[in-house]
Every structure is written in structure tokens, then in C-alpha cells.
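Residues or ranges marked as compositional bias 'Basic residues' in TrEMBL: 515-533. Under the heading compositional bias 'Basic and acidic residues', TrEMBL lists 568-586. Feature annotation from TrEMBL assigns compositional bias 'Acidic residues' to 587-605, 725-751. The domain 'J' annotation in TrEMBL covers 104-165. Sequence annotations record features per position, and here TrEMBL assigns region 'Disordered' to 490-608, 712-751. The transmembrane segment annotation in TrEMBL covers 15-35, 70-91, 190-213.
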Amino acid sequence: MAGQQFQYDDSGNTFFYFLTSFVGLIVIPATYYFWPRDQNAEQLRLKALRKVHGRCLWYRLRLMKSQQSIIPTLKKVALLIGWALFLFLAYKVSKIDREYQEYNPYEVLSLDPGASVSEIKRQYRLLSLRFHPDKGGDEVMFMRIAKAHAALTNEESRNNWQTYGNPDGPQATSFGIALPAWIVDQKNSMLVLLVYGLAFMVILPVVVGTWWYRSIRYSGDQILINTTQLFMHFMYKTPNMNMKRLGMVLTAAFEFDPRNNKEATIRPTDNIEVPELIRDLGNINVKKKEPPFCYPYSLKARVLMLSHLARMEVSEDIKEDQQFVVRKSPALLQEMVNVCCQLTMMANSRGGFRAPRLVSIENCMKLSQMIVQGLQESKSPLLQLPHFEEEHLRYCVSKKYKVRSIQDLVGLKDSDRRNMLRFLGEEKYEEVMAVLGSFPLITIDIKLQVLDDEDSNNITAGSLVTVTVTLTRKRMLDFFEKEQQQVCGPEDLNTEEGQGDVSKNKSKVWQNKNKAAKKTSKSKKKKLTKKKAPQQQQQKQDKQKQANGTVAGNEVVPSTKEEEDEVSDKGSDSEEGETNKDSPSERDDESDTEPDEMGGDDEEEWKTLQQSIQRRERALLETKSKITHPVYSLYFPEEKHEWWWLYIADRKEQTLVSMPYHVCTLKDTEEVELRFPAPSKPGNYQYSVILRSDSFMGLDQIKPLKLEVHEAKQMPDNHPQWDIPETEEEEEDQEDSDGIEESEEEEEDNE
């Protein structure tokens, strides 16, 4: 039986096959992933953002980096060298002759297959005269000729060749190992052993150990675990944390300590420049001895952060350090929000555990806005816009305009806005309007329900409440365009009668509905006491007009939200009176239609339940990009995208109702489900749905959420589906007895 024999490739040809495959497996995927993308696309993107973000610090740094960077060129050179090596090895492999070929004696004797014995002998004699060693021929070739002659003329050799492929019979199977010849050379044995030991016993364990040591120091969000523990300690120690102490805790993070992070540096010039900044800033608790606030790295980071919020000029030596602190702060503040949520959940699950107050969590969110925009808490949100300075705010807060926020500025008429901003030139005014138009305008739609319940609209004590919040993101520019469309000329007024009045009375998108509701409730009380009967008649006429859709051939103008609220509030008493006056026949008709309406409601609930399940499945499978819209930030050193916090809170009790959801994928629309357990006691509860930006100041929104909790249903002791009637039991007993009697009669017949 043939044996097996392993031998090294002395010629080194097999090694080229292995090397070619190895280089190809590296070069081909590396080209796909690391080949620099089209630089023109990035340049075009930056060019499109230039009109709005041209003055931003991150834009100027990105533009300089793209012009000065040589990394794309180095990547291209390295990949081209890899491809050149791969092509050279492929060419080398193509020129290697096959060493292991099937043995064919006819080819050795230069005969056609099936030649006769006489032809074989004749050819052998001719080749022997030519290659015999005694006559100066090739000895190796003569041995091959003799072996081929024997394979074709000797019966045993011929059988061996036909059976085993060799005239000598079965041979040992040879396997070539793809290693170069110099590795197996005895002279290089010690060198090869030393290289193997160094690679696999020293370098590999060191690399794996270093990677593991670094990875276990960081959490999933690439925040040092020591920093998370530090935040948890101070958040638990101070549940009600003001903004000043929050800044101290933030800058005490170990990310700013050079011993824990190599990106953080301590410079010799810090002893001169940091005290100068401290004198300019004023009181920042320099003499506080509580660790780690008194450590040099924490003091330096705090000074750099406060100078950034004050928009102070710093020297070039520490400007890079300031940008590093500012760049790291939003992620650290997000970690602080996560820590507050963890402490809140622990406090809810355990008794006697202090949870952070709502003001501490909201201060973290506000500080993120302040750092991105480079503004102090007391400053006006209008300073986020370009060309706005402190001395310009007196034009805005005057008695004529009273503009104190971004919303107030957007709500002005174009003529008033131009007149108020007359201190800006035409070019600067256009730039301000372009930036203002890029700001986000978020509309919130809230739906309250209890999933997995027969009556999803009935909230009982202790049930799991699901609040579905639909966020729709638009731009302030869309509001400007609508405003311009509503401002019609004299020719348009003839064709669109009444629409101008409606546009004047139209409420602002961001207007707080609470205030409007309070105003309407006050006016309602006054008006209801005067004339109830005329109002009821007017309401009936309005309802008839809305139902018919036209009045005397003219189009009906839709009423505003404020007017609808007033009408609904005013008509509450009159509607009750009308319902009491209904005739018995009308009540019967209504009772007949109730089952159909209930059936339709059940179908709608079933459809919404199925849609929510499908949404959850899609959310689990889909991975959305966190690249949304770039934030306009004059002093932030890195491109920041719009992200939001969405949560439900009890502002009266200063507690969280649902954990903040970090919305990082809001491009156009986003649907978020917030869940929380309903209170254990029945009653009416006033909550707030709060949307906060992590980048813009003054764009937060608070929507009221009224929760009416009913008494929980009692579970029945005996469910009807488990109750078996007595008649059914008797029938089953009778059937069993009949079956027994029939079986007995059959047995008797058989006997």
C-alpha cells in the first residue's frame, strides 16, 4: 500500500502560490475599504455649506485639514505598492513549470499511443544510440528511455504502469510544504527558531494584552469607566446640582488627565497662561480643596471650558488644549445623563435611595447646548447668530419689537425685521437670514395609549403606558416661504378673499398651547355669562356651514387652532343641552349605530397594534445613520450634528417619568415610543413631554400631557371559559355510560 511522505519544497516554487494568495487576500479588501473616496465630493459638500457655515470654526478647520492632509496620498501609494507586489507574484507563479506530471512512456519515447511492439523496440534502439552514456549521451535521459521501454514491453512493468501510474509499482505520496528553502536550511535553524519565539511568545502576547488592557478601561461609548464612576459618585452625593458645580464635575473627568489619556497634555507654559485666564474670569473656586477639583488637570480643563463659554481669546499655545476639552465635553455630558438615568431607575426599584433631581439632568442638557454654541447660561440665544454682539441686543429688546428669542425673531414681519436689524449691512443681513433659515423647526405629535389591552385608551392604575411621539423636522426657511406666500399683492386679493385675514390671525408653530388654553378659558368664562343662547345659535350655524362646505357659493375659510379651541370650550355647555333635547327616536338610531362604530374602533386598534409591532421589528433590523444635519456653531471645533433628548417629566415633583431617549437619527421624521408605568392611585396627573436639543439654545419645547388614571379592573375568580355547564357534564356522563353498555352487549353477542 502506498505510504505518505512530507517534504519541504527545495526549489521554493510552492511558496509563491501561498504568498500570492496571502497578498491577494489583503490587497483586494484593503483597496475596497481604504482607497480614498472622491475628494471632489467632500469639496462639493463643503462648498454647499459655505453660505451658511462659512464662519464656523469647525468649517475652517475642516477646510484647512482637507487642503493640507497627505494621508489620502499615502494610502494610495501603499495600495499601489501592494498591487504591484501581487501582480509580480502572479506573473512569477504563471512561469513556474509543473513538476508533478502524469507519467506517460509514449511521450518519453516520442511515440503515438497504441504503437506496436516492433515500433517500440525500433525507437528504443535509435534513442539508445543517441543517449547512451558510453557514447557521450545523457545518462538521466537514457534511464528514462530504458524505464519507458520496460513499461511497454515487460508485462509486469506494463501492469504496474496501468494500475499505479508507475512501472515500479506503488510509490509514496509526496506533499510539498509551501515554505521557502532557506527556512529549512540547517544553517538558519537557530535564526528561524529565534524569530518564531520572538513573534509568537513576545510580540503577540504583548499586543493582545495591550489591546485588552485598553479596551476594559472604556465603556461602550468610549468613556473611561473611572470617569463614569466619578460621575455616579458626585451625582449621588449632590442630587440637586447647579450649573457651577456641574461644570466642576465635568472638567474633573479622567479624559483630561494626562496619566489616563495621552491626548491630554500639560505644558510648561500653563503656569503662566492659566493664572492669567483665572484673573480674567474671576471667581471660579480656585481655592476649593475637594479632590479631584483641586488637581492641576481639572483646574486647567475648567478654566479652558469657562473661557470658551465667555468667548475669550486664548494664546495659540493652549488653543489646541481648549479645543480638545470642548470636543470631548458633549460625549461626557451624555454619559452624565445616562448616569442620572441609572440612579433614577435604582431609586425607583429600591426604597430609601436618593435619585438626582430633574434640574440636575436638565442642567446637563443645557450645558451641552452652551458648550456647542460657546455661550454662557445668562446670555441671549440671539448671540448664536453671526454678526450679533452684546451692543446689538438693545435694538432687539426695545419696546417696539421685544425680540428676546429665536422664535420672536422669526415671527417678525420681514419689514420689521429689516428695520430692527438696520445696523447690519445688506450682505450681513442676508447671511443672518440664511443661517436663521437653516435652524430646525420641530413639530411634535403625541399619542397616548395602553398597548396589549382590550381598551387601549383606558389607562388603569399600574398599567404600562406607551406615549408615541412623532417628531417632524423642518427648517425655519420653510416658515419664511409660507409667510411670503401668505403676503399677497392687490391682484391676488381679488381671487383669494378672506385668506389674508386668516394668515394674520394664524398662531405661531412654536406657541405654547398652555398659554392659549388659559387665555381662552378666561375669555370663555366672561363670554358665557353674557349671551349663551345667541352663541348656541351661532355654533349651530357654524356647524352647518362646515358640514356643507360652502356658504352661498363662497369657499369656507378654515379657522385657526385658537378659534377652534374657543369654540369647543364655549360649546361644551350648549352641546350638553342639545344632547338632552334629543328625541327618543334619535337615541334609538344612535344606539343602533353604536355596535358598528365599536367594530370599526376595534379594527383600527388592531391595525395600529400591527403597525407598532412591524415598526419595532424594523427598528431592530435597521441601523440608521447618526449623520443628520450639521449644527451652526461659531466656536465648536468639530462638525456637530443635530441630536435631541426626548423624555416625560413631572415638573411639579421634579422627577423623571420616562427615561430620556437620545434621538440621533432625526432627518425628516422620527417616531419614538416612551413607556412608563401609570401611577398606582387613580386620579388626574399633569405631566410634560419635553424635547431638548443638545446643540441649540432656545429651541427646546415642552408639551403638556394629561393623564387620567382609572381604577384597575379586578380579575374574575371564575372565568366563563373555564366554567363547564352542568348539562354538558350530564351529557358527557350519559355518553360514557352508553358506550359502556354497547361494549358489554357486543361481548355477549361474541360469546
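Each Cβ is built from the backbone N, Cα and C atoms, and glycine gets one as well.
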Residues from the same chain, set at least six apart from the ends of the transmembrane segment (190-213), whose C-beta lies under 8 A from its own: 183
Remote residues contacting the transmembrane segment (70-91) - C-beta distance under 8 A, at least 6 residues beyond either end: 16, 19-20, 23-24, 26-27, 30-31, 34-36, 39
Averaged pLDDT score, the domain 'J' (104-165): 80
Summary of DSSP states over the domain 'J' (104-165), given as helix, strand and coil counts: 47 helix, 0 strand, 15 coil
